[in-house]
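According to Swiss-Prot, the feature domain 'THUMP' maps to 61-165, an assignment based on sequence analysis. Residues or ranges marked as ATP binding site in Swiss-Prot: LEU183, ILE184, LYS265, GLY287, GLN296. Per Swiss-Prot, disulfide bond is recorded for CYS344-CYS456. If you look up Swiss-Prot, you'll see 404-483 marked as domain 'Rhodanese'. Residues or ranges marked as active site, cysteine persulfide intermediate in Swiss-Prot: CYS456.
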Amino acid sequence: MKFIVKLFPEIMIKSETVRKRFAKILTSNIRNILQKYDEETAVVRHWDYIEVRSKNEENREELIALLQRIPGIHHFLEVEEKPFTDLHHIFELTLADVAQQLQGKTFCVRVKRKGKHKFSSIEAERYIGGGLNQHIESTKVRLKNPDVTVRIDIEDDKMMLVKARHAGIGGYPIGTQEDVLSLISGGFDSGVSSYMLIRRGSRVHYCFFNLGGAAHEIGVKQMAYHIWQRYSASHKVRFIAINFEGVVGEILEKVDNGQMGVVLKRMMVRAASKVAQRFNIEAIVTGEALGQVSSQTLTNLRLIDEAADALVLRPLITHDKEQIIAMAKEIGTDDIAKSMPEFCGVISKNPTIKAVREKILAEEGNFNFEILESAVQNAKYLDIRQIAEETEKEVVEVEAISVLGENEVILDIRSPEETDEKPFESGAHDVIQMPFYKLSSQFGSLDQSKNYVLYCERGVMSKLQALYLKENGFSNVRVFAKNIH
């Protein structure tokens, strides 16, 4: 099993030194991710592509899914490599492979060639295409918009028949740009803005300001972990949780109602700047879009930025909400975001749309900044990979089992894509599929006389959700221990 990985076009047009550096980083990223799932995977860098090989055909679907989510990959080809002796031999090998596929269909042949040969790429296309047309009675050549395009790459004495072409997410490899700190709330905007910086080549760390208690923090951890695991698992990142309840309380007590929204955002960027400075991070990322809510006017955004000691990046600044939600669906964070309450907007009933600097500074003069300092000093710093370990400690009261009892039902909380790809086999026991992001709204509608055993592939989400359900009064939950690490 072999894949030919093609780099993002913007990488290919850079200087040779930069292109080599980017390709080297991408090769390392691919290796870091794929070898976690298949230790025998080989990743080799060439001048204009990266070669991925694996002997384990059973891992094909998983390797394809992983490659499709690695930043820096424009597309990749699934190929079958064979040695050849001459052009007629290439035709014979191609005929044996595609004859069945071309029955009753129109086709064309496209050849890319490297090395010295007695034929050109066009001559190869004509010879192979003509031969296929003669030997397969029910097929017909069509050069424009054919049913099937037979793609062949020829390099020296080997031919690669392209079995499939898979799109990547493009962008730059993680690590080619500097680190950023994303202010993640669990909503649509912050998840998408985090993804956009990952796709642009930055390692994204996460800073969460907790305004809503343990359940809110669990939900945000789920989103951060989901984004990291799907798109940036090649790198270690930090998850920082700052308890902002005291800061919000001080604002509610000391700040004029209309100025609360801007003041709260200024406190957040102050705190985030301190965290960024601690880890030598140059920029913080927010999900704000111009005019989307009252605090997101140019005047207010400028005043918010004045409180920051780090560069503030807003990748969604010109995006419509509809576009943002569509992107959230693409990256798989939309359902998590739907379950997240928006806390920032509820503390001010009549927010100002054009804050005045002097008035903001006067209101902040009433604020006790020791509360902000204390919140930052008491922040919790976590390697995002340790979310599973931390959750295991928190869910000590949730029983983990590997053998199912009579009254127990497996609750498969993986995404629909994962369950379709790899269904859970339970034997005689019932299996209910309910993605983790729907548990908060749908678990209560299940038959509560049953005991539900939560299952996910890695064991992380099942433990997070078990904690959430326990905190909400459901005692009939357990965790399936098969994949707990």
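Each position is counted from 1, following the chain as shown.
Every residue gets a Cβ built from N, Cα and C, even glycine.
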Using only C-alpha positions, which one of LEU183, LYS265, GLY287, GLN296 is spatially nearest CYS456 (disulfide bond)? These are the binding-site residues in the record.
LEU183
Hey, what's the Cβ neighbour count for GLN296 (ATP binding site) at 10 Å?
21
Same-chain residues at least 6 apart in sequence whose Cβ lies under 8 Å from ILE184 (ATP binding site):
SER190, GLY191, SER194, TYR206, CYS207, PHE208, VAL220, MET223, ALA224
Ten-angstrom check, please: count other Cβ atoms within 10 Å of the Cβ of LYS265 (ATP binding site), all chains counted.
23
Helix, strand and coil totals (DSSP H, G, I; E, B; other) for the domain 'THUMP' (61-165):
34 helix, 38 strand, 33 coil
Does DSSP put LYS265 (ATP binding site) in a helix, in a strand, or in coil?
helix
How many Å separate the two farthest-apart Cα atoms among the ATP-binding residues LEU183, ILE184, LYS265, GLY287, GLN296?
17
